[in-house]
Amino acid sequence: MTGHAPLVGVIGGSGLYKLEGIEPVESLNIDTPWGRPSSPITLFKLPSGPVVAFLARHGVSHQFTPSEVPSRANIAALKKIGCQVIIAFSAVGSLREEIKPRDIVVPSQIIDRTKSAHAMFGEPFDTELTGLVTKSIKEAVTGFEMNDRIGVHAEKVAICMEGPAFSTRAESNMYRMFGGDIINMSVLPEAKLAREAELSYALIAQITDYDAWRESEEPVTVAEVMATIAANVSVSNRLTLTILDEVHNAVAKGQLKTCKGTMEYSVMTKKEMISEESKKTLSFILPYFS
């Protein structure tokens, strides 16, 4: 691997399979106790010099459905190569009139509607990181052409449902009553696993549609979603050029309180009662279990 470990990892969602406009310097195939990640990890050199890591959540050919994504391997591999922070992109549906297609949301909370078995936690997103990312995005979009069409929203609630699937109209309205603002299929278990690996995590959610709750519209179709995803990809690439420098510098200077050390006393089982095999597996991401 290159001499400088990447502090920041980027997970690309649907349509974002590489970072445009940034020089790729190395491709890594990382083996983890949970298998290989969904794509090779590509290291990109930012114009200012630092290296960042990128992987495609669904694979470079979008071969993994939301329920098939090897999230444990993805998170473990990014942790292994030195990442302390993850910026994840995802295509999402809007559950609110004021959050329009092509808008950007940096959520602060999640409601879990998946079938995963991980325990919930109080703050699924790093609050300092989401604040920095939101500020950086707002500054970036002011320079975009037709920037008035791209709203930026923070302090919103993401619903994560089991996928691949789209909501019925009744389900969509139920999620609105729950207090959800956006809906997707990928933020979990990703956010939970990032916390377990002591990685700060923030989601940049790009709106593709209004889900199915609007009575005045036909239910969302795959064609509709894919058309908006294509329009969002160029925005994603322009945002990465702006925000990755800021996030890297904040981590390098110690301005973000990362999650390092938060899991050391979070396992209730006495260390001597944990099997050697489990310790070996855990030590891949948490060295104090070795």
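Backbone N, Cα and C atoms are what each Cβ position is placed from, and that goes for glycine too.
Source: prediction; values computed, not measured.
Swiss-Prot names R57, H58, S90, A91, S186 for binding phosphate. Of S14, S27, S216, the residue it gives for the same site is S14.
Of all Cα pairs drawn from S14, R57, H58, S90, A91, S186, which the record names as binding phosphate, the longest spans 12 Å. Here S167 (site 'Important for substrate specificity') is positioned 17 angstrom away from S90 (phosphate binding site), judged by their C-alpha atoms. Looking at S167 (site 'Important for substrate specificity') and D211 (substrate binding site), their Cα atoms lie 7 Å from each other.
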